[in-house]
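Asker: Quick one: structure below, then a few questions.
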Amino acid sequence: MSQFSFTKMHGLGNSYIYVNMFEEQIPEEDLALVAEKVSNINTGIGADGMILICPSDVAPVKMRMFNNDGSEGKSCGNGLRCVAKYAYEHKLVEDTVFTIETLAGIVTAEVTVEEGKVTLAKIDMGAPRLTRAEIPMLGEGETPFIRENFLYNNHRYAFTAVSMGNPHAVIFVDDVDQAPLTTLGPVLETHEMFPERVNVEFIEILNEEEMNFRVWERGSGVTQACGTGACAAVVASILNGKMERGKEITVHLAGGDLMIAWTEEGNVLMKGPAEVICRGVYEYKIEA
């Protein structure tokens, strides 16, 4: 029987099991199965996945993120805010501004601290990737994939594709609560045009500075929030002329609000909370 200490944290209800790999050890070959086991709501702790906080050669810390199906993702906005909170509060970093390595690249985090506790985290998510090759999508073309039609159940849905280090398909609807989240979501997620699968967001524009947001996450299904998805939604809204670049946009997710801005300089900034749920020790056994 093996075990490790964990901290369960969430960003707007998007929860992960966080493991400090400066102190703990999980064999590389076991990571996918452990992520699947620990995320199980019935036989594990229950979460949207597992995130490892690891040493890095190029930043103070490195984030590795696993979905609840065991697949490894390249980035996670809500996860990055929680990693930033954990790293500062556990003295893995000293400054309130620091970098985090991800599989999608290095991002910059800035934490707001009150009485020694991080109350808010802002992440510079870098520039969005907009071409088919960068997203990635099948097909040729170096222009952005904006408002292209997808036929489902005899209804045409127009979506815009954006990568924030992971792929997103953003669909505008009149009412997110009536959107085909659990039906169209998995169909588009696993469509052959996305070789690495895709996260699917449904967006309802409220005004020039606010939107409602629902998400079907690649490898996890319906979640309360998706930070990279919120960033992709704002980028897609600006590309479609629905919002203005440079302004801070309030994204209303099922789990709460994020503040997102696509700056004139090109990077996307995400600001929001990160909270600890519980801490403990998880025991597991890998069958031979």
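Just so you know, glycine gets a Cβ as well, placed from its N, Cα and C.
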Asker: Record says Asn14, Asn67, Gly77, Asn78, Asn199, Glu217, Arg218, Gly227, Thr228 bind substrate. Source is Swiss-Prot. Which of Asn40, Asn166, Asn267 does it list for that same site?
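Answerer: That substrate site, as Swiss-Prot gives it, pairs Asn14, Asn67, Gly77, Asn78, Asn199, Glu217, Arg218, Gly227, Thr228 with Asn166.
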Asker: Across all protein chains in the structure, which of the binding-site residues Gly77, Gly227 has the highest Cβ count within 10 Å?
Answerer: Gly77
Asker: What whole-number Å value do you get for the CA-CA distance of Glu217 (substrate binding site) and Cys76 (active site, proton donor)?
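Answerer: Here the two Cα atoms lie 11 Å apart.
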Asker: Helix, strand or coil at Cys76 (active site, proton donor), per DSSP?
Answerer: coil
Asker: May I ask for the distance between Asn14 (substrate binding site) and Cys226 (active site, proton acceptor), taken between their Cα atoms and rounded to an integer number of Å?
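Answerer: It is 7 Å, counting Cα to Cα.
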Asker: An 8 Å radius from the center of the Asn14, Asn67, Gly77, Asn78, Asn166, Asn199, Glu217, Arg218, Gly227, Thr228 Cβ atoms defines the neighbourhood of the substrate site; name the other residues of that chain inside it, in order.
Answerer: Gly73, Ser75, Cys76, Gly79, Val215, Ser220, Thr223, Cys226, Gly229
Asker: Three states by DSSP: which one describes Asn166 (substrate binding site)?
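Answerer: DSSP assigns Asn166 (substrate binding site) to coil.
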